[in-house]
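Taken verbatim from TrEMBL:
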ACT_SITE  D51  active site, nucleophile
BINDING   D51, D53, D210  Mg(2+) binding site
REGION    14-36  region 'Disordered'
Amino acid sequence: MCWWPDRRCSRAARSPTPALTARTSAPSALRPRPRVADPLPRLDTVAVIFDLDGTLIDSAADIHATANRVMGEMGHAALSRAEVQAYVGKGVPNLVARLLEHHGQDPAGPLLAPTIARFEAEYLTAHSQTRPYPGVLPALERLAGDGAALGLCTNKPLAPARAVMDHLGLTRHFAAILGGDSLPLRKPDPEHLHATARALDRRKVIFVGDSEVDADTAAAARVPFLLFTEGYRKSPVDRIAHTAAFADWSHLPRLVTDLL
């Protein structure tokens, strides 16, 4: 063996073997290979359940327009978007009751039932201004592609919930969809979330929402809660109980895997 680089050994005159040539002749062979990002773990044991309005979709403009249309038919003045949005989150019956109360009507009186029916009929096709939040579709595709079962637990009645999800191309990602009229109760009652979870039949459940109602539901159901901060919450983020919070939907898949 030749230990000195400026001296030649008897072996140095020999032609190198093809294997040795292939291994050493290309300078790129000496460069370290770039690291490949570790893939996210499989989510085959996980159910991720979502709220709808203010979480997956921004529907405030259409809800606002529908509320003013229905109240206008009854002779009432239009409300601002912020005023209507303050009543969103606990389902259509609560929304209509609060609208009636705002206009000086009995929120539990004889006008309640027909006004609810009128609102639901009007809202069934009112989704021209509704959009998914940026990044929602790629996040859903990533979670489903990694094996998670996706569910929807919303206080919106089932028919308009399905209609807007169909319109926006969201329905195909979901194995279970429960609306505010699917059961005799709704969020924040934990049974609404539990029933959605049972339909998905996974070992671990994670709930994703945007509001105080969603946070209360997750707490009552004793499941981790991921708070989307850009929705319809009425309180500061630090006043809403949550496991983790996010403003960018591209961060959601990693937050889910961090809970495994």
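These residue numbers are counts, starting from 1, taken along the chain as shown.
Placement of Cβ uses the backbone N, Cα and C atoms for every residue, glycine included.
One way to see the shell of the Mg(2+) site is to take the Cβ centroid of D51, D53, D210; the remaining same-chain residues with a Cβ within 8 Å of it are F50, L52, G54, T55, L56, G89, T154, G209, S211, D214, F228, G231, Y232. Cβ neighbours within 10 Å of D53 (Mg(2+) binding site), excluding its own Cβ and spanning all shown chains: 25.
The CA atom of D210 (Mg(2+) binding site) is located 8 Å away from the CA atom of D51 (active site, nucleophile). Neighbour count (other Cβ atoms within 10 Å of the Cβ, all protein chains): 25 for D210 (Mg(2+) binding site). With a 10 A radius on its CB, the residue listed as 'active site, nucleophile' counts 27 other CB atoms from all the protein chains.
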